[in-house]
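*Asks:* This is the structure, below, for whatever I ask next.
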């Protein structure tokens, strides 16, 4: 019987490098998921047994590396969508892996160009993360912005591979015409992939978010359809990777929808409804959720409101939870949004005439809270609408400090609010509290609707 090492070496030698690239990426992702799921299960079991949870071992080296990874890079790197050292390290690993998969064991430049097409198809798999980043981000224990950043850069790498693979047409055009469907369809797929980058750049997303997302989905569906035709026509084995990517998107989307349906049980007479009000140039939304759905500070939900308009049927806007109140049978969750453009502006104007109420489907809550309990002094520096994202943390710290459950004894909030139509900013609010009693008064003042004044403790 031959040794296992020789069988493994023979299997590696016979397997193509793009396939090895996909297998290694899948193993890394599986190991990451198993680690976080196992850690969550261990924490849950420890809490059940010991009631109070504490970290048995904390390494100073680990925390120092974590602080280094979150340091911001110079402003020029932020323009390139690489804001922190952590993102720069992840991007360097991704580029190195793709370059290695592209050039290792290649005999000619033509072979590398053909291999680029295989890598482009493989890189489509992590792009298919479902209708929402919420559930994948929670499973991977990363925040939504990090997963969106990873999604953008994987898409850019996929476009680079597509351009490199499409350069084969230069030599083909010298021998034959490119007017046949054999070449027109893959050219259309490559053009659709390339157009995704400009329509989803930061400037377009800030001003026309929903338009950018609609163009993104239309171009993505066009490119996947054309690419599937191209792979089937060529009888390429990588069509199964593309089918797997589409199946992954459908599976994650189905799980998200089924979880939302199971939590809300729309077949019951009492359905979830959202109440919208316009107060102080903000859109306030109140929804009711069952008590068995745990909510943590800093989390967000996505609302599907198909009865608002035809456009709203295809949108899942994100709302960060400001605070919540528990009732006898249900929990009331309040969220705040700034009505700038699109659906939020329409909802704001509708609620400006009269408070509106309509059925809603809630996806979430998603997000992992930050742990501030071991700090004695906390300073929040928030800008405009970002104050309400920090409000849930402030409220929990107020309650825990009043009960002497945390080390927090000093809390300061600097709120930088937008003033005027020119988009300028002015420091209007400086809040400070040193004692739990004053913190409690501050929290109660916010819950009673205080918004415009400056209040100092």
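Each Cβ is built from the backbone N, Cα and C atoms, and glycine gets one as well.
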*Asks:* Would you mind telling me which of 184-204, 205-225 TrEMBL tags as transmembrane segment?
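*Replies:* Going through 184-204, 205-225 one by one, TrEMBL gives transmembrane segment for 184-204.
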*Asks:* Which range is it, out of 45-64, 65-84, 85-104, that shows up in TrEMBL as transmembrane segment?
*Replies:* 85-104
*Asks:* Labelled transmembrane segment by TrEMBL, one stretch among 20-38, 267-285. Can you tell me which?
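*Replies:* Residues 20-38 are the ones TrEMBL records as transmembrane segment.
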*Asks:* When you get a sec, could you say which of 238-262, 288-312 is annotated transmembrane segment by TrEMBL?
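*Replies:* From TrEMBL, the annotated transmembrane segment range turns out to be 238-262.
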*Asks:* Please give the sequence-distant neighbours of the transmembrane segment (153-172): residues at least 6 beyond its ends with Cβ less than 8 Å from one of its Cβ atoms.
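*Replies:* Contacts of the transmembrane segment (153-172) (Cβ under 8 Å, skipping residues fewer than 6 from its ends): 81, 91, 94-95, 98, 102, 110, 112-114, 116-117, 119-120, 123-124, 126-127, 178, 183, 186-187, 189-190, 193-194, 196-197.
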*Asks:* Please report, as numbers and ranges, the same-chain residues at least 6 past the borders of the transmembrane segment (20-38) whose CB is under 8 Å from any CB of it.
*Replies:* 12, 97-98, 101, 119, 122, 125-126, 139-141, 241
